[in-house]
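Data block below; observations after.
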Amino acid sequence: MAMQMQLEASADTSVEEESFGPQPISRLEQCGINANDVKKLEEAGYHTVEAVAYAPKKELINIKGISEAKADKILTEAAKLVPMGFTTATEFHQRRSEIIQITTGSKELDKLLQGGIETGSITEMFGEFRTGKTQICHTLAVTCQLPIDRGGGEGKAMYIDTEGTFRPERLLAVAERYGLSGSDVLDNVAYARGFNTDHQTQLLYQASAMMVESRYALLIVDSATALYRTDYSGRGELSARQMHLARFLRMLLRLADEFGVAVVITNQVVAQVDGAAMFAADPKKPIGGNIIAHASTTRLYLRKGRGETRICKIYDSPCLPEAEAMFAINADGVGDAKD
């Protein structure tokens, strides 16, 4: 009940957030853009002014019924509503200090991440099976609904599952641990099963439309790369696979920028079978190559420890030092490892 009130309260403040949050595409009508053209943009998957402002011109021209002259006018008007120029590092630092971090459920893991999973960026977790990737995702889907002072994001969660490993029972166990109503927690998680790489991408267009309607704090894709391994096979299709994957990750980054959600993706590993593997301490590497490496802001490498313990290592981050932390997978989600 309390959670529903919080989410309603956040809806009441949406008027104040108008200048900060994403602006609905209908704002362009007030700037002299034809209502029919706005409708065409919406049908093409552009639901906010930001989405239009960040789009390259050739993407808009590809929309049926949008000429080059119209695309120029739309981009000019969108740029007036969205600040896209230079800013001082002081202002940017101020904005960074307001970023919310979502607790992982483990104090040690939060300490390693300097607060938790960062909103407005992509966090990638990779590791072999049974290393806790999906369990962290399930825990985050609940903790993102907590109030900000309890390490939450005061928003709903969106879960795209490509491997069929989503289990609502796990969410109920985590909800009980935090003293939240199980039915409210499940109501605040939007779930979709991805069946192929094109469908996976299509779901992001739906996600964008839903994020305009309601406040979401977290978007999970578990796993972002599993379907690419089966839909594309062999070296002949490698270039097509990487281009499709790059487009998918670009859309995720755009959602993180536009709506300020925390995007968490899981990735699988591949064993290196070349000569270099003989000299490497750990011959496993994440799949997806450089494209996924550049798209992710923070990369976490998970591996098994003793018993129920798992080890998380910061593999790549623009601001976190390379370090490790231990955590455990318990009946009520991710927690601290017992000594």
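Just so you know, glycine gets a Cβ as well, placed from its N, Cα and C.
Note that the coordinates shown come from a computational prediction; the quantities given were computed from them, not determined experimentally.
The Cβ of Lys133 (ATP binding site) lies under 8 Å from the Cβ of Met125, Phe126, Gly127, Asp222, Ser223, Thr266, Leu302, each of these being in the same chain and 6 or more residues away along the sequence. Feature annotation from Swiss-Prot assigns ATP binding site to Gly127, Glu128, Phe129, Arg130, Thr131, Gly132, Lys133, Thr134.
DSSP assigns Lys58 (ubiquitin cross-link) to a helix in the three-state reduction. The Cβ of Lys58 (ubiquitin cross-link) lies under 8 Å from the Cβ of no residue that is in the same chain and 6 or more residues away along the sequence. Taken from Swiss-Prot, the feature ubiquitin cross-link applies to Lys58 (among others), supported by similarity to another entry.
In this view, Lys64 (ubiquitin cross-link) is surrounded by 7 other Cβ atoms within 10 Å of its Cβ, with every protein chain counted. Marked as ubiquitin cross-link by Swiss-Prot: Lys64 (among others).
Residues 22-25, 27-28, 31-33, 36-37, 40-41, 84, 208, 212, 254, 257-258 of the same chain sit 6 or more residues outside the domain 'HhH' (48-77) yet have a Cβ under 8 Å from a Cβ within it. The domain 'HhH' annotation in Swiss-Prot covers 48-77.
Swiss-Prot lists Thr13 (among others) with the feature phosphothreonine.
Taken from Swiss-Prot, the feature phosphoserine covers Ser14, and the record attributes it to similarity to another entry.
Swiss-Prot lists Tyr54 with the feature phosphotyrosine, giving similarity to another entry as the kind of evidence. Residue density at Tyr54 (phosphotyrosine): 18 other Cβ atoms are found within 10 A of its Cβ, drawing on all protein chains shown.
For Thr309 (among others), the entry in Swiss-Prot reads phosphothreonine, with the evidence type similarity to another entry. Secondary structure at Thr309 (phosphothreonine), taken from DSSP and collapsed to helix, strand or coil, is strand. A simple way to gauge crowding: the CB of Thr309 (phosphothreonine) has 15 other CB atoms within 10 angstroms, across all the protein chains here.
Among the features that Swiss-Prot reports, region 'Disordered' is placed at 1-22.
Annotation source Swiss-Prot lists region 'Interaction with PALB2' at 184-257. Summarising model confidence by region, the region 'Interaction with PALB2' (184-257) averages a pLDDT of 93.
Annotation source Swiss-Prot lists motif 'Nuclear export signal' at 245-260, citing similarity to another entry. Away from its own ends, the motif 'Nuclear export signal' (245-260) comes close to residues 21-22, 48, 50-51, 54, 119-122, 197, 200-201, 204, 207-208, 211, 216, 219, 221, 224-225, 228, 288, 291-292, 295 of its chain (Cβ-Cβ under 8 Å, at least six residues beyond either end).
By a simple count of nearby Cβ atoms, those within 10 Å, the most crowded of the binding-site residues Phe129, Arg130 is Arg130. With Phe129 (ATP binding site) as the anchor, the candidate recorded positions are Tyr54, Lys64, Thr309, and the one with the nearest CA is Thr309. The CA atom of Lys64 (ubiquitin cross-link) is located 19 Å away from the CA atom of Tyr54 (phosphotyrosine). Applying an 8 A CB threshold to same-chain residues 6+ apart, the list for Glu128 (ATP binding site) reads Gln268, Val269, Lys284, Arg303, Lys304.
Around Thr134 (ATP binding site), the same-chain residues at least 6 positions away in sequence with a Cβ under 8 Å from its Cβ are Thr165, Asp222, Thr266.
Take the mean position of the Cβ atoms of Gly127, Glu128, Phe129, Arg130, Thr131, Gly132, Lys133, Thr134, the recorded ATP site; other residues of that chain with a Cβ within 8 Å of it are Leu302, Lys304, Arg310.
Cα spacing between Arg130 (ATP binding site) and Thr309 (phosphothreonine): 11 Å, rounded to the nearest whole number.
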